[in-house]
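Q: So TrEMBL says this about it:
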BINDING   50, 51, 52, 53, 54, 55, 56, 57, 96, 153, 154, 155, 156  GTP binding site
BINDING   57, 74  Mg(2+) binding site
């Protein structure tokens, strides 16, 4: 007895499938043929802070593949959608000038994570100021439970402090104990390492999504 040639026509006008191959293969073909667009990437709202000159604007612009010629230091705040393979980060960058930092907390609401950029080659005074600002952010009620990515920027400069020196000087181990934070060296010379650091932050954000709600 010959096999019947029964055609299945995909509702999306794909190539007809002959039942000669069996129902199982028909199902596989339909799954591939009629597959819709990939699910949208999750989006996370982040706040990016740090002193003027730390390199926040340049790092974010490079991640967005913007031309270096168009980079202008942020004086108020700006928002960039930074695309990654598994997520989109909507980063609100706040200016780091003295007269702006006192208003940072007004822009914290709705943040799901924090990026803190510091100049690892800065003067002792600026490093102390950065330390105080980071301590304030880590303890702020709207940020204290969020994951932090701390970038020790300008590692390509001769005066740059190492990550270990930064960790000790900023007293991160005692201050941030129990919090989720990442401290990584970075520079414009190695943007792949910067992207890897952001990927680690995305992992922390994803873990937060799957945390069971607390009653």
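Yeah, the Cβs are placed from backbone N, Cα and C, and that goes for glycine too.
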Q: Give the sequence-ordered list of residues that share a chain with residue 54 (GTP binding site), lie 6 or more positions from it, and have CB atoms under 8 Å from its CB.
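A: In sequence order, 96, 117, 118, 119, 122, 130, 153 meet the Cβ cut-off.
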Q: Rank the binding-site residues 52, 57, 74 by the number of other Cβ atoms within 10 Å of each Cβ and report the first-ranked residue.
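A: Going through 52, 57, 74 one by one, the largest Cβ count within 10 Å is at 57.
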Q: Between the binding-site residues 50, 154, 156, which lies closest to residue 57 (Mg(2+) binding site), Cα to Cα?
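A: Minimum Cα distance from residue 57 (Mg(2+) binding site) across 50, 154, 156 lands on 50.
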Q: Fill in the CA-CA distance, residue 52 (GTP binding site) to residue 74 (Mg(2+) binding site), as an integer in Å.
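A: Computed Cα spacing between residue 52 (GTP binding site) and residue 74 (Mg(2+) binding site) is 8 Å.
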Q: Any idea which of the binding-site residues 56, 154 has the thinnest Cβ neighbourhood at 10 Å?
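A: Per-residue Cβ counts within 10 Å for the binding-site residues 56, 154 bottom out at 154.
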Q: Should any of the binding-site residues 50, 154, 156 have a Cα within 10 Å of the Cα of residue 74 (Mg(2+) binding site), which are they?
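A: So the list is empty; none.
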Q: Across all chains shown, how many C-beta atoms besides its own are within 10 angstroms of the C-beta of residue 50 (GTP binding site)?
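A: Within a 10 Å radius of the Cβ of residue 50 (GTP binding site) lie 27 other Cβ atoms.
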Q: Minimum Cβ neighbour count within 10 Å among the binding-site residues 96, 156: which residue?
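A: Comparing Cβ neighbour counts within 10 Å for the binding-site residues 96, 156 gives 156.
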